[in-house]
Amino acid sequence: MLSLTHFAKSYHNRLVIQVPDWQLPAGIHWVKGTNGSGKTTLFRSIAGMLPFDGQIVLNGQWDCRRHPVPYRLRVNYSEAEPALPGFLTAWELIQWVGTAKQASGMQIDELIDAFGIRDFMKTPVGTYSSGMLKKTSLVIGFLGDPLLILLDEPLVTLDQQATETVSRLIRRYHEQGVSFLLSSHQDFNLTSLPVQSVWRVQEQTLTQEPLTSGPV
Amino acid sequence: MTGILTKVLTRTIVKPFYEQNAGLLAVVFLIAGSFLRAIEHITLAEVAIRTHFVLAIYIGIWAIYGFHTTRFAARVLHDEPFLHHLRLIPVPTQWLVLVLTQLQLLLPVLVYAGFVATMAINAGIWLSLTVILLAIAALATWPLIWYTRILRNPATERFSGKLGSWFSQRFTTPYLFFFLRYLLSRQPVLLLLTKTGTLLVLLGLAALYPTDDYDLRLFGLGGLLAALAHITIVYRLYQFEHESLVLYRNLPVSILRRLLRYMIQIAVLLLPEAILLVRYRPHDQSLTAMLSIWAFALSLTLLEFSLLFKRHRLPDELFPALFWLLIGGFFAIMYQLPVWLLAGSGWLTASILFIRYYPQSVWETR
């Protein structure tokens, strides 16, 4: 489903993460790592938001660089700490991303109701709590018809109900053929999601871990 | 304690202010240094100390700059919770460090006001001197009211106001106007200063044109200055997209469409200049000729924007690029190269740079 070849990302000539070869099958995959290990950098690179060395290809068809439009149409991203313009409303941002990702009005409505953001979605983002901001970012992450959704710390700052909504949506989208890359300090085993593989970002690379072990 | 506190405020408020406004200040210095000779500066100052109306204009400009600095400092004080600890120190010390900080922010005004005040002393015009000193004292101290209010009421919620709220409930802003809304809500003084400056320059040139045997090159220089004066706004667009709209890079939009969207945003920003050029078109210049000046200014502004993607620079590192743009533009205009050709070359270069460097660019904090 996703392949990274000779992938490397550096900041100021300091290597953050390097992945010589990573072939990820369709499914739900969990990426672990300590703070600052490079998870977000990896996710942002896969989302096409950061320049990188190497190659990222989706489904053997869409290269992140050579096919920027079809690739981005199929790869969605929800940020760990959403940085959104404080003067815009969630509704404006959702409309903007939804239009670009070719989301239907019905899908937008469903996601808004699923995360319960209708009451505040027409007030500026700058007035939101961290939980409201996170829900907005999650709605954005599920828009359109993606093949891969990257959820960076999707459960952080969420209440119990929203956590269940995220799990339910991941399961539903997964049944429809959507793959997920999740990064979290919380244990996804507790959410009973069918996690297919677990990876750890450490020492500037990715290593696979057994499904049920290790500290987060 | 005062020294340490002043140092903290210098690093958190003064330094970032000058870094972020380096482009605008550089353009002001370039214009003041290249288009006005020393004798003309002295003449202007002499007029100011002898004419109350002109002195009032001077003080008005200083006040707008002062408001710009205060707004910036107030935002930092509001957004940085660790600065709220200033509330815990004795009030006299608190006021002292805040005034010292404000004086540092007012440095360009202090230097120029010092020059005008010296002229007033030499001429023995004590009323003007007193007015200048009182104005500076007011500019250095009135922000205390604002700053103290923030420190006494930390973490207040920001409201968009009744108009903003009404607008948000009824309308959806298209992407092309995100940045314009950012400027209007977050940087209104920067927008006002830039627009006032460029429109005054163009108006002045339009008034100057019929007084001698000038040709289109005069407006060409105006277009060049207007483009350079927009550098800080262009930098804000670059910063805004990297910091608050990083998600845009994940959206399925082709590079050409992205370029077109930035062109439209910059064209909208320069619309007042287009209207002014058309409205004050000299009788011997065609509409096409005046629009070519606008297209030239637009191409240079777009070129400034595209250059930012080549290598991430801090605002104060833009000065060399601005200098060469000014010199190159000046000679190209004075050697009578056709303005449409200059505009076309600018657009082409800007487009090539954008397509080449946009996908590789990244905002790297140091």
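Cβ atoms are placed via backbone N, Cα and C, with glycine included.
TrEMBL labels come from automatic prediction, so no person has curated them.
Feature annotations, courtesy of TrEMBL:
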{"type": "TRANSMEM", "residues": "B:20-39", "note": "transmembrane segment"}
{"type": "TRANSMEM", "residues": "B:51-74", "note": "transmembrane segment"}
{"type": "TRANSMEM", "residues": "B:94-113", "note": "transmembrane segment"}
{"type": "TRANSMEM", "residues": "B:125-146", "note": "transmembrane segment"}
{"type": "TRANSMEM", "residues": "B:166-184", "note": "transmembrane segment"}
{"type": "TRANSMEM", "residues": "B:189-210", "note": "transmembrane segment"}
{"type": "TRANSMEM", "residues": "B:216-238", "note": "transmembrane segment"}
{"type": "TRANSMEM", "residues": "B:259-280", "note": "transmembrane segment"}
{"type": "TRANSMEM", "residues": "B:286-309", "note": "transmembrane segment"}
{"type": "TRANSMEM", "residues": "B:318-335", "note": "transmembrane segment"}
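Between the transmembrane segment (B:259-280) and the transmembrane segment (B:51-74), the number of CB pairs under 8 angstroms, six or more residues apart, is fewer than three, so the stretches are not in contact. Outside the transmembrane segment (B:166-184), and at least 6 residues removed from its termini, the chain residues within Cβ reach (under 8 Å) are 160, 190-191, 233, 236-237, 240-241, 244-245, 248, 261, 264-265, 268-269.
Sequence-remote contacts of a segment are chain residues at least 6 beyond its ends whose Cβ falls under 8 Å from one of its Cβ atoms, and for the transmembrane segment (B:189-210) they are 21, 24, 28, 31, 64-65, 67-68, 71, 183, 218-219, 221-222, 225-226, 229-230, 232-233, 236, 272-273, 276-277, 280, 282.
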